[in-house]
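A.B. asks: Supplied in structure tokens, the structure appears directly below.
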């Protein structure tokens, strides 16, 4: 099938405008870009689906000359869905405006927080930096002893060889 | 065998309920499950010692050739006896270890029983992948059992450490197993061991499998997870971390040794790590003051010992290894259970605080001493028999390389000296009277142990005692496995307590005496240990690795996730340009010839669309920008019509109109202009990307148009549409019949979008229909005049402020509303044969509602559609889905269409196509969507203004911003 010049140019123009708007921080412009992209894509689908023809309705023309009905069915639902999504984004815009008086896609604070993060989850901290009762039982053996506890133990239970720090309390204490 | 495994899993599922009904006594019932397995295994003893084996195979995933293949031979039987026997006794022990009011006992019982089943499956599995599945199941249950309730940080960390290490090893093992399976051409363990094949792939696979074995069996440098796992309750330590799970690595090495011992790398890894682990474990056990930790390091040490024996690859070492494995399971679980009793009775496990407990609990002391004597290798216990056999084996041969044998023997003797020393330390710490420390008084015993509590350790200790003199009885069973391996010593020595005066006896005496000497000089030993101590350990290395990973993750995330949506989108688009773009540039078949246009009108409309698109970029006034974007939409509708798609044109036109209305509804609340927030260089970058993407898509479109050569899938649609779908509008039949599944998914998406809109706008409540006028006022109005009164063309427009009313609009609405609704129904019903259908009909009905709302305000909307939009959406979905289900019930395909044709009086021929009901569902959903949007973005926004609804949040209210 011989391509036309007009349709690719329209598709390209709509895509370019859509992408430019999509890269904006203003949600309204993002949504407008989204709509343009939707239109461009529908046109791309339809044009690459075959040459123009008569309406795909029996009785309107010869089936040989009909345009391809399948891309049309796909595009039809796509149009309605685009409307649903557009309404959803509009609701987002409104909510954002109502609650924080802004309709821009700001910088994601959570991402910035991750980038700045210095502390870690408790499960990843070096055992030496934990409270003695939170260290794994065997970690006592790494000689990172709590000196005060050590001295106290030595005073109370002299003569018993050990370099371990205090242990987790046993389970069945009353 | 499968039945026993299923019994375990059933018991595990029921365990929490049983514990809820019967409290801790439920453990006694659960203990029956492994006991049944134990009994069944004993019944197979004759078959197995006679050289036979029990096989079971059930197809599991036939497509992958994966069977549940189970096989019981001598090696499996010994391990299975340990798993079930110790398992049953530990469960009995649990019935007294836990207090009636302990939390989480039900979960614990379930996990422990499930673990017992997985472990049994592991030693019975004959399929490499089944083995892996059971292997990982034991890891998971070990994780759950160590972590307990998850409230203790130390337990959580110990659990995840064990999980990470053993799963890492397990994954390496999986790769290794697959390599081995592919090399040998079979995934059946028995066949693989019989004929492993050869080549570098096999060597790599073997090393990887060994990685799995050494992590699971806590060999250095991965030994530290085992002592850390002592956070778990004592029954878990006794069962998983002494008798069963840590033996999985030993089992795997023993299982593979007959076929793999000669593989390069096997002996250096197994023997080197085994000896080193034995020495390090013993050395560190000597300086522990917590009885449980002492035993844990002792276990590490003994596992090293076992690894050497079963991995040596000779008949005599393997036989010694099996006996030692059995002995270790018996004495180590006894010792753990003993510590559990001490802990339970006194609340103390610290050997510096226990004193004189031997006199207080003599029975326990006897049990503990018996087990400890077995551990130290004192006759007549089974531990002595095993150690003796090991020394003899290495003295006479054991390994192909004599020098290696001597080195290993020296290592084992040294390790055994340490074993004897920490055994003495254990006994002294647990039971002895210590000078300067008051003995434990009877009153200090919180829970004096009762008979049932002591039953399990007593049974295990007695077995260890009896098995020594009766060890010749084990010979046939042990030989059943060991005979698969080559004999290196001149002759095979039978198992027995007494072999006469021989070098090994001397070595045994040496180990006991050396251990006693080390214990006697414990103060000096401790000082030396302290002086030699280094501030580095494998554990530190593990945490440092994890921390480094964490920092790397933060670094990568922080670098790549900049938190800017335009930056993300830009990155994605640049990748699109780089990859598909370059393909398009270099590989695509460019069209050879072009046409300017299909028709001049097309070019004209195209120019309008493009001008509108450019204007959309430049206009900063919100409403104008929306209008020009709308122009592109209407232009598109014309292009659709020109292309031969009347349905698309109609839908596009309707949707574009509705979109404009919805935009206006929201934008009236926003500032008039859109502020520019981008620096010039940002705009330039956006422009470059945008133009490039536009060019790319234009080129893609042109190429796509020119390269169409295959016959479209839709070539038969016209015929099918009429014959099966009963309609002439092929697009509509495609939607409601040929591709109805697609449509069902898409209308579901509409329901989600509608619900989302409502949820975003209604901050506090999100159900119910649109507000209506006060019924009292309404009733009064109706009383005064049955018909709409003059000046009030619409029923609720009176509620609007006079300056917001438009009489012309009201009149037009009054005249047109019902006509439009009827037209929408016409579109719905005629859509099967003419342009239209559920989508178009629904949109037209939606426009009618828009008209009512615009003319009469929010109460008018309530009067026009006094129904909850959610109800419309739900009923619509029910219609569409129900059509499919009905088709299924009537014996056809889902969503298949039936054509009912009949002749009725008056109406004449009537043709009913069932897909009409599907289309009605679509219609209702589209109407529901529009109504929901009007209710949210229209009526609710009005209400918020009218009633001055504050957005200040009540103290206990959560509104997600």
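Positions of Cβ are set from backbone N, Cα and C atoms, glycine also.
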A.B. asks: Between B:238-257, B:478-497, B:538-557, I'd like to know which one TrEMBL lists as transmembrane segment.
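C.D. replies: Within the set B:238-257, B:478-497, B:538-557, TrEMBL attaches transmembrane segment to B:238-257.
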A.B. asks: Which range, B:108-125, B:432-449, B:720-737, B:774-791, does TrEMBL list as transmembrane segment?
C.D. replies: B:108-125
A.B. asks: TrEMBL tags one of B:48-67, B:648-667 as transmembrane segment - which one?
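C.D. replies: The listed stretch tagged transmembrane segment in TrEMBL is B:648-667.
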A.B. asks: Counting only residues 6+ away from its ends, which parts of the chain sit with a Cβ under 8 Å from the transmembrane segment (B:238-257)?
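C.D. replies: Residues packing against the transmembrane segment (B:238-257) from afar: 75, 79, 82-83, 86-87, 90, 93, 112, 115-116, 119, 122-123, 131, 135, 138, 141-142, 145, 189, 193, 206, 209-210, 212-219, 226, 229-230, 232, 270, 295-296, 299, 303, 306-307, 310-313, 318, 321-322, 325, 328-329, 332-333, 335-337, 340, 481, 485.
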A.B. asks: Compute the average pLDDT of the predicted model within the domain 'MrpA C-terminal/MbhD' (B:608-672).
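C.D. replies: Mean pLDDT, the domain 'MrpA C-terminal/MbhD' (B:608-672): 93.
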A.B. asks: Spell out yes or no: are there three or more C-beta pairs under 8 angstroms between the transmembrane segment (B:567-588) and the transmembrane segment (B:688-707), with each pair 6 or more apart in sequence?
C.D. replies: yes
A.B. asks: So if I exclude everything within five residues of the ends of the transmembrane segment (B:867-892), which remaining residues of that chain have a CB under 8 angstroms from its CBs? That is, six or more out.
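C.D. replies: Result: 740, 743-744, 747-748, 750-751, 754-755, 758, 767-769, 898, 914-915, 917-918, 920-925, 927-929, 931-932, 935.
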A.B. asks: Can you tell me which parts of the same chain pack against the transmembrane segment (B:405-431), counting only residues 6+ beyond its ends and a CB-CB cutoff under 8 A?
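C.D. replies: For the transmembrane segment (B:405-431), the nonlocal Cβ contacts are 271, 275, 278-279, 282-283, 285-286, 289, 291, 294-295, 297-298, 301-302, 304-305, 308, 312, 335, 338-339, 342, 351-352, 354, 357-358, 365, 368-369, 372-373, 375-377, 387, 390-391, 394-395, 397-399, 507-508, 510-512, 514-516, 518-519, 522, 525.
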A.B. asks: Cβ under 8 Å to the transmembrane segment (B:131-150), counting only same-chain residues 6 or more beyond its ends: which ones?
C.D. replies: 103-104, 107-108, 111-112, 114-115, 118-119, 121-122, 125, 156, 158-160, 162-163, 166-167, 170, 173-174, 177, 189, 212, 216, 229, 231-233, 236, 240-241, 244-245, 248, 252
